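Taken from Swiss-Prot, the feature compositional bias 'Basic and acidic residues' covers 895-906. Marked as domain 'PAS' by Swiss-Prot: 41-70. What Swiss-Prot records for 92-144 is domain 'PAC'. Feature annotation from Swiss-Prot assigns intramembrane segment to 615-635. Per Swiss-Prot, phosphoserine is recorded for SER174, SER238, SER319, SER896, SER899. Annotation source Swiss-Prot lists region 'Disordered' at 194-217, 876-915. Taken from Swiss-Prot, the feature motif 'Selectivity filter' covers 627-632. According to Swiss-Prot, the topological domain 'Cytoplasmic' annotation covers 1-412, 471-494, 543-549, 663-1196. Sequence annotations record features per position, and here Swiss-Prot assigns topological domain 'Extracellular' to 434-449, 516-521, 571-614, 636-641 based on sequence analysis.
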Amino acid sequence: MPVRRGHVAPQNTFLGTIIRKFEGQNKKFIIANARVQNCAIIYCNDGFCEMTGFSRPDVMQKPCTCDFLHGPETKRHDIAQIAQALLGSEERKVEVTYYHKNGSTFICNTHIIPVKNQEGVAMMFIINFEYVTDNENAATPERVNPILPIKTVNRKFFGFKFPGLRVLTYRKQSLPQEDPDVVVIDSSKHSDDSVAMKHFKSPTKESCSPSEADDTKALIQPSKCSPLVNISGPLDHSSPKRQWDRLYPDMLQSSSQLSHSRSRESLCSIRRASSVHDIEGFGVHPKNIFRDRHASEDNGRNVKGPFNHIKSSLLGSTSDSNLNKYSTINKIPQLTLNFSEVKTEKKNSSPPSSDKTIIAPKVKDRTHNVTEKVTQVLSLGADVLPEYKLQTPRINKFTILHYSPFKAVWDWLILLLVIYTAIFTPYSAAFLLNDREEQKRRECGYSCSPLNVVDLIVDIMFIIDILINFRTTYVNQNEEVVSDPAKIAIHYFKGWFLIDMVAAIPFDLLIFGSGSDETTTLIGLLKTARLLRLVRVARKLDRYSEYGAAVLMLLMCIFALIAHWLACIWYAIGNVERPYLTDKIGWLDSLGQQIGKRYNDSDSSSGPSIKDKYVTALYFTFSSLTSVGFGNVSPNTNSEKIFSICVMLIGSLMYASIFGNVSAIIQRLYSGTARYHMQMLRVKEFIRFHQIPNPLRQRLEEYFQHAWTYTNGIDMNMVLKGFPECLQADICLHLNQTLLQNCKAFRGASKGCLRALAMKFKTTHAPPGDTLVHCGDVLTALYFLSRGSIEILKDDIVVAILGKNDIFGEMVHLYAKPGKSNADVRALTYCDLHKIQREDLLEVLDMYPEFSDHFLTNLELTFNLRHESAKADLLRSQSMNDSEGDNCKLRRRKLSFESEGEKENSTNDPEDSADTIRHYQSSKRHFEEKKSRSSSFISSIDDEQKPLFSGIVDSSPGIGKASGLDFEETVPTSGRMHIDKRSHSCKDITDMRSWERENAHPQPEDSSPSALQRAAWGISETESDLTYGEVEQRLDLLQEQLNRLESQMTTDIQTILQLLQKQTTVVPPAYSMVTAGSEYQRPIIQLMRTSQPEASIKTDRSFSPSSQCPEFLDLEKSKLKSKESLSSGVHLNTASEDNLTSLLKQDSDLSLELHLRQRKTYVHPIRHPSLPDSSLSTVGIVGLHRHVSDPGLPGK
């Protein structure tokens, strides 16, 4: 029965603990995340903001190297040390000059403390900043006694009492203060000024380790860092300085000239890495600086890079145990090593040195937990800084969790003992404690009465319970589990300790031995203090207050317990008052007279038995609590009457509260039934008001009854909306978990994509016989069947039966608009379906394009409900309403499929592919029939609009080889063919019929009928693997072009009619020279590659009436005939076409020059302004210009 609250689930309280502890100590610190790029700052306290002048928004997400605090006086050496500490995940303290926001400088000690998880990987950095006062700056140590024991130095978070200890502490940050194995370098000379190292041979830029330079540079950008790498330790166990001497032999001669003083810059401790992970940080590739620096850790067994010569024993130890014992930092202020030139050879001779070097002979192997280091440095106590990980509450050895199974069992046991105490303590105090019982107990102790033994055991159990409460965790105000014994004791003392202690005191044992009446009465009263334990029962049972049945039982038990207590009090009043009554009118005397057991003063055992007394007292209290009493047991004395008044008053309150709650509880139990009848009444009223016929009425009632049984009248969507969106996504992900795991189309989706899909899914429950989709309904959703079976009927004929994990609907990505169902879908059994709306699915696919191709490739419909004629309906709707084209394009998606996916789709959906082939074959036959019976130009134009949907001829040989191209990719390619708009002239009109006849003959070049038909129909061998959706898209765009072509042709015909009607002067028309015979043996109508503005060409030759031939009289007659035929709705006759053809042959030599120009420039001619009716013809011919993207009619 424990309350499982607080720190039950594992959680990370690291940040909260750090912030809460540090804020009260006036610290100035930041916390950086070591797992993100540049170790970004994730928290800075108010002290840091006050110290630097920057606000928290200015500091957050900045690199923890604090580049914004750097300035001209900030030394690169200090910056490099901070960067090296961050790269190596090592603890270090550096004295740096920083700049306030207002530009002023300040000096502070920067303490970098890595916080690692249980695997030793640095998760965070705590960087503390502490001002350096002038006294600390001036206190430069003159000499440090190497033998001086340091045992009484109390460190308080970076502060030290003696300046002389600062240098020593810089060298051994994490060593215990009592550690005698300390390396101290005693220099012979000390000065306050640094001496230039004239003879010091600095490593060149080429000899510096590139990885180290890059690593350091990456952390101190944008400032440039020096390629020198400063370390404070050797690289080998046997001879720590031999590598240094071998690399720079001239350093031995120049060492005496170096300054041995510790300036502010050299005061910094240049500590080595504390583990293998830190050493690996030196050789990290620059590109991987901010990755997991410890992802390839192997505990020192395999270290790559320039540190291969280091022994595993050194790598496995810490910097405090093995590395500091070789420290020679006091010998040279700045040691610069070239890691790339370190060799594994060892020299036998040690380097000469004039200084006195004391190195401890033996160093212990120690492994300091980072948590302990941080705790020691920050002085926060033992359990202040937990490891950065998901962790269960830390408890001591003998501490009991308040939600543990043992505590739950113990609480139930104590609850039973409390109930026993509540019942037997008043009974024992009222009925059993008398002179005779006291005399028996003095003679034989507790062995005479078993009840006394039980009371003693209960007292012992309650004392043990008090001890357990001192070791039981509790939940504080921050919802955290407190396991500290001291805090638990304080919390228990402030709470229930006093009540539990009073209830557990065995008062009868404390005053055992005295046999007076006052003692007996006092023991009875003190034993009633055990009833205080009922308060614990109340706090334990509080969690069950929301259950109606539990509350009802609890109220009844309370009512009976109060009646029991009042019965004991009623008997105690009569028993105490009876010896002092002279008339014997008490209720006990009346009871003795009624049952024939009168009291005899000389016999103490006379009178009614204890059983008779208790039952009668309990009867009186129950009758008084529930009513005014029957009267057979009545109060006679004043004391009894006063008590009866109190019982009646308590009874009225108890009756009102208990039975009022009982009525509310009963009403709550039947609330579901009441809601059902209310909703059913609404359904029946709806049926009556709308006069719904009986079959449909029966279906409504049956569905309502089944739905109520299934959901108990609860609207699941309303319940789901009551939770935050994050919980809604998790709930939806759980509800659709089986579908998302079993369906092949959803495999491989990211977690975010699955959550988005789960939010869009709706669960539908259908009873048997319910029709889910009717024939002709718009398919607005995709259905996934998760339970049950359904049947699909066409004309009441079952065409398919679907079961679990089947999918039906339509391929939503292939169509711009939803289609119509071609069958009925009816449930055979109770079915659970997951459906997702078409728009919702497409929206998710748009948001996750990487998942879109996978989903659409692997989506396999068990049954496609889309009607076969839906494609034609879609094309017709688009052609009838061009204004909706943009809306349709919003739903068009460029879906690139691999060849395997296309083949899979074609094999998975044979019905669609067969329908497509049949549609192409029927359209092709229709095209051939139309071509064969082209009786007139107008009818041929109307007939050829259908086959021209794929008249985009690919003129380049390479384009046809590409497969799987979208139509958007084909349009620019086909644009190489230019539209030669020569329909302005009469010759172009008359050549339409001849083009049809001539086009049927094979051409010598590339215009064979088979090739042209394949190119025109778009069903060539190389493009046979196009998907149905891509063909649909091409059809849509081509239909739009045909519409524009039809309107343009109508305009051209109207303009021609106007020209024929208005032309009164016999003049030779400005014919296009490109209609000459021999030069045009290839298609002359081409698609323009680009939509260039059309320019008019002015001819140098102007025609005069004297140049006209006699044949123009025939031409005029033919024109008049054409005018009459066209105005009357009859097509152009063939006679006019023959006359025009012969006339053009005669006039070809006159327009040869213009023809050559037009061939070169591909510019369409207009009527020369010098000709008669030039203004009218120009206006009319301008209207003949087509859009450059319109497909032209192919001709010779």
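For all residues, glycine too, the Cβ spot is worked out from N, Cα and C.
Owing to the predicted nature of the structure, the values given are computational and were not obtained by experimental measurement.
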DSSP residue counts for the topological domain 'Cytoplasmic' (471-494), split into helix, strand and coil:
10 helix, 5 strand, 9 coil
Run through the motif 'Selectivity filter' (627-632) and tell me, per DSSP, how many residues are helix, strand and coil.
0 helix, 0 strand, 6 coil
Please compute the mean pLDDT of the model over the topological domain 'Extracellular' (516-521).
63
If you run through the topological domain 'Extracellular' (636-641) with DSSP, how many residues end up as helix, strand and coil?
4 helix, 0 strand, 2 coil
Residue counts (helix, strand, coil, in that order) that DSSP gives for the domain 'PAS' (41-70):
14 helix, 5 strand, 11 coil
Secondary structure content, the topological domain 'Extracellular' (571-614) (per DSSP, counts of residues):
24 helix, 2 strand, 18 coil
So which residues does the topological domain 'Extracellular' (571-614) touch in its own chain, when a touch means Cβ under 8 Å and the partner is 6 or more beyond its ends?
427, 429-431, 435-436, 620, 632-637, 639-640, 643
With Cβ-Cβ distances below 8 Å as the criterion, list the same-chain residues six or more beyond the ends of the topological domain 'Extracellular' (636-641) that contact it, or say none.
570, 573-574, 577, 581, 585-587, 590
